[in-house]
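Encoded as structure tokens, the structure appears first; notes follow it.
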Amino acid sequence: MAEVPAPTPITEWPDYSISPTGGDVMTQDLNALYDKGDLCWMLVATILCWQITPAIGFLYAGMHRRKAALTMIFQSLFCACACGIQFWVYGYSLYQSHTTGPFLGDLSLAGLHNVLAQPSLANPDIPDIVYACFGFTFVTATAMILAGAMLERGRLWPSMLFLLCWTTFVYYVLAYFEWNPNGWLYKLGVYDFAGSGPVHIASGFSALAWALMLGRRRDVEGNLCKHGGVTFRPHNPFLVGLGTILIWFGWYAFNGASTANLSLRSIYVVVNTNLAACGGGITWVLLEYAFHRKFSIVGFCSGIISGLVGITPAAGFVPVYVAALVGALTSTASYFTVKYKHLLRVDEGLDIFAIHGVGGFVGDILTGFFAADFVPALDGRSNTYSGGWWNRNWQQMGFQLAAACTCAVWSFVISIILLFVINKIPGLHLRATEEDEVRGLDFKYLMDVDPEGDVMVVSGMGSVTPGLSGGTSREGVAMDIPSEKRD
């Protein structure tokens, strides 16, 4: 039997139309033109980014009342799995296909067919398969950000269907607009480094639409809350803190690897990300203390996440000495949106709209203001950017405003349409029954919760231990709970 010769290192990439995979792996070494450091950085960053989705589940679980907290953990696992399968089947192709039109990609990469060694559209320093692996984490995290809008009263099956429809008609469309070289916002010259539009603005404004369609929550007696802006005290601030820490940790990779290579710009982005989180967190607690003379763990976490949201579009464009300011300004805008959200009379209790919708919008605008031409050039190849107002590129602010408004309007309108249609399908009405809502979604859907066992049984705003007749209100005062509500 003749000896098979070793693969020959590839010296240049063939035209995409001739070989979409980049070459023949049996006869050519397709690793030869890639730097192993870039590949290692992207792979490690992808692993770190993956944990953002369950971390958001922890964050939301802590902010819920106990009776619906586990449902958020379930939703985070659903987003990680189902949205990941969808991404493989057709999602990646919709926004990263190489042969596309001005509005949306085709299905040439469906099932990740032909996704292998050919240089990616994001950066020729890494192959398509690596960027697909990294992009998987973005859509799952975005879907989970939005999932919190079902807050204690959305039925699980319609919610899961909506999330899959939403990623198809909102996320992938906006991602194509901004990240595919054929997308019209990309061609316009919009700066959105790591996904403010498709991720934060889209999820924030869609959460507002979902909360609007679901209506207000019910109180402990089963009555609709009088004011749309009502909030119940989070049942577990420890989980909120843990979720925030994991999100902060994962955000280093989320932003840092959006350079799609390992370079000075990657490190610069991580520094910007950290400083913005610090500026956002400090600003929020100072504002809280100014108004309430007390601090709040949940508020601190909200400020940190607001800072992270604000720096997402800006991290690879703005100088390091304004990063904390970007976080502080975004946090301020989100704080006052939360403070006066009751004026909207919409029960969006997790503040997804305030932190991600408004925060992302403000971050987009600040990117246009503070962007500097030298920051993108730190990656060794992106020296064609004109910067923002600081570089006297006055039109950039208009581009940023156009992108932010496009993402906000598209996501809100399409979400309303999708929710309306799903709600009209027999058996898929959006809102849980009064009994299921008051009792808790965990008891409706999850076998992990045993109301007769030795776990805490939840009723309304408080919790009771089996055999006892009272619980603790959100003010910490003992209260009697009617027997018909305790089970």
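Here the Cβ of each residue, glycine as well, is placed from N, Cα and C on the backbone.
Please treat TrEMBL annotations as automatic predictions, because they have not gone through curation.
For 41-443, the entry in TrEMBL reads domain 'Ammonium transporter AmtB-like'. Annotated transmembrane segment per TrEMBL: 41-61, 68-89, 129-149, 156-177, 197-215, 236-254, 266-287, 294-312, 318-338, 350-372, 399-422, in sequence order. For 467-487, the entry in TrEMBL reads region 'Disordered'.
When Cβ-Cβ distances under 8 Å to the transmembrane segment (129-149) are tallied for each of 41-61, 68-89, 197-215, 266-287, 399-422, the top count falls to 41-61. Averaged across the domain 'Ammonium transporter AmtB-like' (41-443), pLDDT in this predicted model comes to 94.
Beyond the ends of the transmembrane segment (266-287), by six or more residues, the same chain brings 41, 193, 248, 251-252, 255-259, 295-296, 299-308, 310-311, 314-316, 318, 320, 323-328, 330-332, 334-335, 375, 378-379 to within a C-beta distance below 8 angstroms of the stretch.
Beyond its flanks by at least six residues, the transmembrane segment (68-89) meets 50, 53-54, 56-58, 60-62, 110-112, 135-136, 139-141, 143-144, 147-148, 150-152, 156, 159-160, 163-164, 167-168, 235-236, 239, 440-442, 445-446, 448-449 of its own chain at Cβ-Cβ distances under 8 Å. Under 8 Å from some Cβ of the transmembrane segment (294-312) lie the Cβ atoms of residues 59, 63, 193-196, 199-200, 234, 237, 240-241, 243-244, 247-248, 251, 254-255, 272-273, 275-285, 288, 318, 323, 326-331, 333-335, 338, 351, 355-356, 359-360, 362-363, 366, all in the same chain and six or more residues away from its ends.
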